[in-house]
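So the structure is just underneath, and the comments pick up after that.
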Amino acid sequence: MREIIDGKLVARGLLDRLRVSVDRLKAEHGIVPHLVVVIVGDDPASKLYVGNKQRKAEELGLQSRTIALEHDTSQEELLRIIDELNRDAAVHGILVQLPLPRHIDKELVINAISPEKDVDGFHNANAGKLATGQLDCMIPCTPQGCIHLIKTVKQDLAGSNAVVVGRSNIVGKPVALLLLYENCTVTVLHSASRNLEEHCLRADIIVAAVGKARFIRASWIKPGAIVVDVGINLVEESGKKRFVGDVEFEGLQDVPCSVTPVPGGVGPMTIAFLLVNTVLGSCKQCGVSYEDIKSSLLQ
């Protein structure tokens, strides 16, 4: 029978441990990790995501602030705000909520954030460090969450065949690298790949991040596989709208595999690791040893 990997439950445990670390930082060092989220425009989904992030941060005792800017805010003004936040020693994490309006250069904005405050892990400096195995950098939140969920099922991933479906800079590429550093044999599938079913059927681990509803068929997944579904797609069925993943979740009912649901799988882990990055970033910026905190969080 299918086993559900409950991302909400796993994230709750991670955040409980993180709360202990935050309390220690306050008591022993007088440090209150401080996250600032910048949102441009009034996209409803972005507002919802930002609200969730701020609420979770405050629940953990972090200082959290949102800077909400009008849709027509100039790129120059946004860059000026980021520069101020970079120079503010009391701010440990900066996140610019995506997507941005079309008149703003996303890459320019992301790379204007100080790498040590880039809690999304999207800055070119952090991407370069990750690509070369320097894992003391800010690592993107969703890929970290994927690995953590996989390890709730199987701790030692060495020698596992892993398939990543999707090659985005946000999920596909970084999660493939993290799996490689776990000594997996990694195959990345994309729009030009052939024989997708054949590759997936050989996989011990599948990470689906392609952004297409139910793209990965249940018949492509072998018994015993671990499946992490990063996709979140809004579909309309029988006159009702709901979110589904990139994996044919319903078809796995009788397949003996481990799979994350959508929603309630990867999403909570992404927010959890955003807060982890903020806390670890505060330690680094304040010269506080963080290895014991990191090991306690990722147990």
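Every residue gets a Cβ built from N, Cα and C, even glycine.
On a predicted model such as this, the values are computed, not experimentally measured, just so you know.
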Checking Swiss-Prot, the member of Ser160, Ser191, Ser219 that binds NADP(+) with Gly166, Arg167, Ser168, Ile232 is Ser191
CB contacts under 8 angstroms to Ile232 (NADP(+) binding site), restricted to the same chain and 6+ apart in sequence, sorted by sequence, are Phe243, Gly245, Val262, Pro263, Gly267
In whole Å, the longest Cα-Cα distance within the recorded NADP(+) binders Gly166, Arg167, Ser168, Ser191, Ile232 is 18
If you count the other CB atoms within 10 A of the CB of Arg167 (NADP(+) binding site), including all protein chains displayed, you should get 17
